[in-house]
Structure formats: C-alpha cells, structure tokens
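Feature list (source: Swiss-Prot):
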| type | residues | note |
| --- | --- | --- |
| DOMAIN | 5-83 | domain 'TFIIS N-terminal' |
| REGION | 83-150 | region 'Disordered' |
| COMPBIAS | 91-117 | compositional bias 'Low complexity' |
| COMPBIAS | 118-135 | compositional bias 'Basic and acidic residues' |
| COMPBIAS | 136-148 | compositional bias 'Low complexity' |
| DOMAIN | 153-268 | domain 'TFIIS central' |
| ZN_FING | 271-311 | zinc finger |
| BINDING | Cys275, Cys278, Cys303, Cys306 | Zn(2+) binding site |
Amino acid sequence: MSVEEEVFRIQKKMSKMASDGTGQDQALDLLKALQTLNINLDILTKTRIGMTVNELRKSSKDDEVIALAKTLIKNWKRFLASPAPTTPNNSSAKEGSSNNSSASKSTSAAKSSSSISGKDKSSSSSSSKDKEKKGSTSSSQTSFPSGGMTDAVRIKCREMLATALKIGEVPEGCGEPEEMAAELEDAIYSEFNNTDMKYKNRIRSRVANLKDPKNPGLRGNFMCGAVTAKQLAKMTPEEMASDEMKKLREKFVKEAINDAQLATVQGTKTDLLKCAKCKKRNCTYNQLQTRSADEPMTTFVMCNECGNRWKFC
C-alpha cells in the first residue's frame with residue numbers, strides 16, 4: 001500500500017471519529033501512524049488530512065491526542081512556510097560549469113554533460129509548471145476573504161451564504177454580501193459552538209431560503225438591516241417563509257379546521273340542498289356557531305355523491 005493510500009485510509013477513519021465521536025480510543029494510534037509516514041505537500045493537498053486532523057483535535061477530549069494533533073499540524077505547516085528547494089536548474093548550472101572546465105580534457109564528457117543538463121532543464125520546466133498550477137488552484141480556493149478564519153468548513157459555509165446573498169440586485173446602501181455572510185455564519189456558529197450536523201443543517205436552510213426567487217423579501221430585509229444576523233440565525237422555517245407561503249399555510253389550516261368540524265359532528269341528510277358540482281340533491285349539513293352569539297349560525301354542507309363541501313350563513 002502506498003503512502004497516499006495509507007493516508008486516505010486513516011483520513012476516512014478520522015473523519016468518522018470527528019463526525020459521530022465513535023472510535024476515539026483509536027485516535028492516538030492513527031496519529032502515531034501518520035507521524036511515521038513520509039507525507040509531502042502533494043499528499044497533504046490530495047487527501048486534506050490536515051483538515052481532518054484539526055477536526056479530530058477539536059472533537060477529542062484526550063490531552064495526548066490533542067497535543068500530538070497539534071504537533072502534526074505544526075510540522076505540516078512548514079511545507080507552506082519553507083522556501084522553495086533548490087531547483088534542478090541550479091544543479092544543472094553547477095554541473096555545466098564543472099563539465100565546461102573539464103571539456104578541454106574529454107570531448108565525450110562534455111557531450112554527456114550537455115545531455116544531462118538538457119534533461120534537467122526539461123524536468124525543471126515541468127516542475128515549475130506543476131507549481132504554477134498548484135498556486136493557481138490554491139489561490140482560487142482562498143478567493144473568499146477569510147478574515148483570519150482557519151476552519152475550512154466555516155469558510156465554505158460563508159462562501160455559500162455569500163453566493164445566496166448575491167442572487168438578484170443588491171439594494172443601494174446595504175452591506176457587502178461577503179461581510180453579511182460572515183456575520184450570519186458567526187451568529188449561527190455561536191448557537192452550536194461547533195460545525196456538526198446541526199450547524200450544517202442550519203446553514204443549508206438559511207441558504208435555501210435566501211436563494212428562493214419567490215422570497216426576495218427575506219434577502220432584502222437582511223441585507224438592509226431590517227432583520228439582524230442573530231434573528232435570521234434563529235428563525236424557524238415558518239418565520240422565514242414568504243408572504244405568499246404564509247397565506248397558503250393559513251388557508252390550509254382553516255380548511256383543515258373546517259374539515260375537522262364537519263367530521264366530528266354527525267350531519268343531517270337532506271334533499272333540499274343542491275350540489276353545485278354534481279347537481280344532485282343528496283347532501284348532509286351541520287349548523288355551527290362560528291361567530292358571536294348574536295350572529296346567525298354557519299351551515300356546513302357536504303355532498304354525499306361527489307364529496308364536494310361548501311358553507312353559507
């Protein structure tokens with residue numbers, strides 16, 4: 001098994017530990033296994049093991065696990081802070097100079113040195129291209145202003161909220177979407193003090209409601225300050241719903257109440273009332289006092305043929 005495959009295997013186990021808290025007794029052994037592996041910057045980038053170890057450190061209560069996790073993260077950060085190693089160009093230049101000095105002694109040695117330097121130059125150019133690609137990838141991933149934030153999960157959630165706030169036109173005089181998104185994410189994080197599933201579900205519900213094209217009022221009220229970040233962080237789905245959805249829910253509630261009233265009271269059959277839907281005179285009606293005592297009673301009618309219901313006073 002290669003180093004990269006071994007790191008992937010350990011990363012999966014640690015991710016499960018950090019998410020559901022199971023298997024914490026194996027955390028120390030896994031960290032020690034990582035300490036023995038020869039992990040380079042390429043493996044760190046592909047496996048994202050650094051983020052996983054950091055999440056495990058936050059969720060663990062074992063001092064030894066926390067200390068070893070900090071040590072690993074500190075060692076891996078040196079890959080980012082260390083200066084670029086000597087490129088093959090420098091070594092090829094030295095080899096070229098030594099070969100040039102000995103060129104007068106042997107023509108064949110000069111030819112071999114020139115071929116070696118040519119290979120070194122091609123390898124150095126390919127390595128520089130790879131570094132440029134990695135640099136462009138890392139810069140695109142960190143395009144969102146983190147504001148000192150180091151938690152990758154929280155940064156990603158802020159990006160999602162900012163994207164939702166940018167939908168449609170931003171009213172003049174309102175805050176910047178990135179700043180408003182950071183403020184909202186911070187308010188949600190303060191509710192849970194971690195990035196578990198409850199935190200992520202809260203983020204998803206805010207993103208869905210802010211992106212809803214039928215609910216521009218919520219987005220506008222938040223951007224203009226009518227609704228604060230703390231209020232939006234605690235709102236229920238009913239409170240975030242659009243006016244149209246609130247009216248629809250109110251209508252459904254009233255209809256359900258009426259249906260329940262008709263179902264609980266045994267009606268009186270009559271052929272005096274005609275159904276407007278099927279035109280037949282096979283109905284059952286009830287009379288209930290739905291308003292004040294001095295007002296006439298409301299008659300609820302149900303057609304026994306087609307199930308159509310209506311009421312009148």
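Cβ from N, Cα, C; glycine included.
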Arithmetic mean of per-residue pLDDT over the zinc finger (271-311): 88
Neighbourhood of Cys306 (Zn(2+) binding site), C-beta criterion under 8 angstroms, separation at least six: Cys275, Lys277, Cys278, Lys280
Mapped DSSP class for Cys303 (Zn(2+) binding site), helix or strand or coil: strand
Chain-internal residues near Cys303 (Zn(2+) binding site), provided their CB is under 8 angstroms and they sit 6+ positions away: Cys275, Lys277, Cys278, Lys280, Asn282, Cys283, Arg309
Additional residues around Zn(2+), ordered along the sequence, whose Cβ is within 8 Å of the centroid of Cys275, Cys278, Cys303, Cys306: Ala276, Lys277, Lys279, Lys280, Asn282, Cys283, Asn304, Glu305, Gly307, Asn308
The one of Cys275, Cys278 whose CB sees the fewest other CB atoms within 10 Å, among these binding-site residues: Cys278
Three-state composition of the domain 'TFIIS N-terminal' (5-83), taking helix and strand from DSSP: 66 helix, 0 strand, 13 coil
